[in-house]
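Trainee: Below are the features I grabbed from TrEMBL:
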- 105-126: transmembrane segment (TRANSMEM)
- 147-174: transmembrane segment (TRANSMEM)
- 243-264: transmembrane segment (TRANSMEM)
- 276-303: transmembrane segment (TRANSMEM)
- 352-378: transmembrane segment (TRANSMEM)
- 435-460: transmembrane segment (TRANSMEM)
- 472-497: transmembrane segment (TRANSMEM)
- 517-539: transmembrane segment (TRANSMEM)
Amino acid sequence: MKDNILTDPAAVITPQTEKIPESGEEVNYIFKDGLEVVNIRPVDDQDNVSQKSSDSGTDQSSEESRATWGGQLEFILTCVGYAVGLGNVWRFPYLCYKNGGGAFLIPYTLMLALVGLPLFFMELAFGQYAGLGPISIWRINPLFKGLGYAMVIVSWLIGLYYNVIISHVLYYLVRSFTSVLPWTTCNNTWNTNDCLPYEKPDIGNGSLVIHTSNHSLTPSEEFYRNHVLDQTESIDNFGTVEWQLAVTLLVAWFIVWIVLLKGIQSLGKVVYFTAIFPYVMLTVLFFRGVTLPGAGNGIIYYLKPDFARLGDPRVWSDACTQIFYSLSACSGGLIAMSSYNKFKNNCYRDALIVCIINCGTSIFAGLVIFSILGYMAYEKGRHSRQSRSKCHTKLERFTEVKTHQIPKSGLCPGLAFIVYPEALARMPISPMWSVFFFIMMATLGFGSEFSIVECVLSALCDEFKILNKRRAAIIFRTVMVIICFLLGLPMVCRVTGVLNMIMYKEPDLDGVYYPEWAKALGWLIVLFPVLTIPGWFMFKYCTEGGFALMKERMQPLPSWGPSLGKHTLPEINVRYTEDDKQGYNPAFARLMGSNVSTSTCSTDITALNLSTMALTKSTDKSSNRK
């Protein structure tokens with residue numbers, strides 16, 4: 001027997017006893033004058049009130065319970081792997097060097113605290129509360145569902161070219177398993193007369209002989225441009241598919257398919273490796289790098305503050321952009337990953353942990369990279385018979401020469417596949433360190449790629465429930481991976497321009513500007529996801545009733561609410577006794593008005609019904625008085 005007492009000081013307490021038809025359980029209901037009887041079905045902890053994904057008013061049918069992470073650590077590691085990617089290794093160090101060294105950490109930290117962390121927490125809380133992907137979650141405001149599609153399209157486009165970058169990493173990794181790295185010499189079939197060999201001592205007569213040349217390209221540059229990419233003179237000439245990159249791209253998508261075939265059940269196990277192993281490799285490379293001669297000069301040049309740069313608005317813009325880019329915010333992945341959380345998970349704690357780890361990784365990776373670049377500058381200075389006191393200047397000149405042709409935003413393939421391989425080639429036992437470096441890069445890349453692709457797949461599965469069935473899910477994920485692989489093939493043809501069009505700044509290829517059709521194609525790629533936001537809005541607005549629809553569609557759908565049934569309010573059924581017509585109970589009306597306005601589970605009473613009942617009561621009272 002359960003007592004439900006209405007806390008109304010004006011109520012006259014009169015108990016009524018009823019049996020719930022479903023369970024036969026007796027419940028005491030106490031209302032003023034005992035005029036109304038309310039049957040409240042207690043909510044069992046095992047109830048799972050599902051939410052429909054469509055915008056229509058169809059009945060809510062029970063669905064298969066949504067998968068959850070196997071443990072809290074799985075979610076945190078997945079978020080770390082998603083946020084910590086290739087950009088932490090090759091984009092942040094460059095931005096730090098470019099924007100005032102250690103002084104750049106000031107705007108970077110402020111943007112993290114004021115922009116990045118609140119946004120990161122909001123996305124985690126948003127997805128965790130509703131338990132829905134980045135498309136279906138916009139049942140909170142269906143007119144803005146286009147924003148969900150835009151986020152998924154952005155993730156899809158990023159996933160396409162991100163795996164192309166990973167295919168390059170895999171190719172370098174495979175070519176590192178050799179006694180002599182192929183990008184260290186100029187006597188290969190892909191080399192030209194412009195190749196400049198690395199300076200090295202000639203021990204034939206016991207003296208140091210400097211090999212000099214007036215040519216301008218290093219072996220690593222020619223290896224990347226002439227062999228890996230087999231770059232053509234213009235984007236107008238796509239050329240043929242580079243078979244070696246096509247194979248590594250196929251391998252990359254095959255790995256993605258294997259890991260994501262069962263969704264987060266398989267992804268949650270793989271992240272223990274992809275999220276942790278890069279830190280092992282970074283630590284190994286760090287201790288090796290700081291023990292090399294000249295490493296100190298590189299670290300000083302990396303962190304030496306130039307506070308005058310803080311007056312440049314571009315520095316603050318770069319800091320904000322890097323926070324968005326590094327935390328992977330606003331692309332739907334965080335909503336998708338957090339939607340698999342338990343409802344009462346402490347997502348605020350998770351946001352703090354992941355953001356701190358991510359930004360700390362960026363700073364730590366910069367120490368690793370610039371310690372190796374410092375050693376590289378030292379080697380150049382030593383073999384040029386320059387004093388060690390000139391190493392700092394040599395490093396400055398080296399970094400300026402190597403970065404002036406690198407895109408100033410987004411990923412920097414030239415930095416990763418030209419400068420770093422050259423630095424690794426100068427290290428003792430260079431093949432071993434090259435293997436370590438590219439294994440680290442591959443795991444960093446896959447850690448992000450898995451979450452990016454899963455964001456797209458889970459969003460579509462949430463929107464189209466038929467894809468959640470076991471057999472349909474396997475077929476769907478397989479077909480999507482095949483399509484993504486085929487769309488990636490043009491990016492491994494003989495042009496690097498496809499990647500650069502994503503990062504528009506009047507692009508040029510070695511000083512040659514792209515034709516107008518190529519620029520237009522680049523803008524179309526950028527506008528494609530953006531236009532889905534107003535496109536969906538206008539579609540709904542024009543096809544379903546205009547201004548009247550706007551007011552309705554700006555309200556949350558009835559199915560919006562917490563992700564688990566046990567966290568919703570109980571189901572309420574209202575029945576009236578024969579004495580119902582004799583009066584109106586304000587206490588009961590307050591109870592119903594409060595519960596109905598806040599309830600998110602299915603009920604047998606609506607606000608319209610309440611209004612009709614109240615009107616009927618009022619009419620009956622008037623009739624009786626007459």
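Cβ atoms here come from the backbone N, Cα and C positions, even for glycine.
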Trainee: For the transmembrane segment (147-174), give me same-chain residues lying six or more residues beyond its boundaries with a C-beta closer than 8 angstroms to one of its C-beta atoms, as numbers and ranges.
Mentor: 86, 133-138, 228, 244-245, 248-249, 251-253, 256, 330-333, 335, 411, 413, 416-417, 421, 434-435, 438-439, 441-442, 445-446, 448-449, 452-453, 455-456, 459-460, 484, 487-488, 491-492, 498-499, 502, 525, 528-530, 532-533, 536
Trainee: Of the listed stretches (105-126, 243-264, 435-460, 472-497), which one yields the highest count of Cβ-Cβ distances below 8 Å with the transmembrane segment (352-378)?
Mentor: 105-126
Trainee: Would you kindly check 243-264, 276-303, 435-460 and say which stretch has the most C-beta pairs under 8 angstroms to the transmembrane segment (472-497)?
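Mentor: So the stretch in question is 243-264.
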Trainee: What else in the chain is close to the transmembrane segment (435-460), if you only count residues 6 or more beyond its ends and a Cβ gap under 8 Å?
Mentor: 78-86, 88-89, 133-136, 148, 152, 155-156, 158-159, 162-163, 165-166, 169-170, 172-173, 176-177, 252, 255-256, 259-260, 263-264, 267, 270-271, 273-275, 277-278, 281-282, 284-285, 328, 331-333, 335-337, 339, 416, 420, 424, 467, 476-477, 480-481, 484
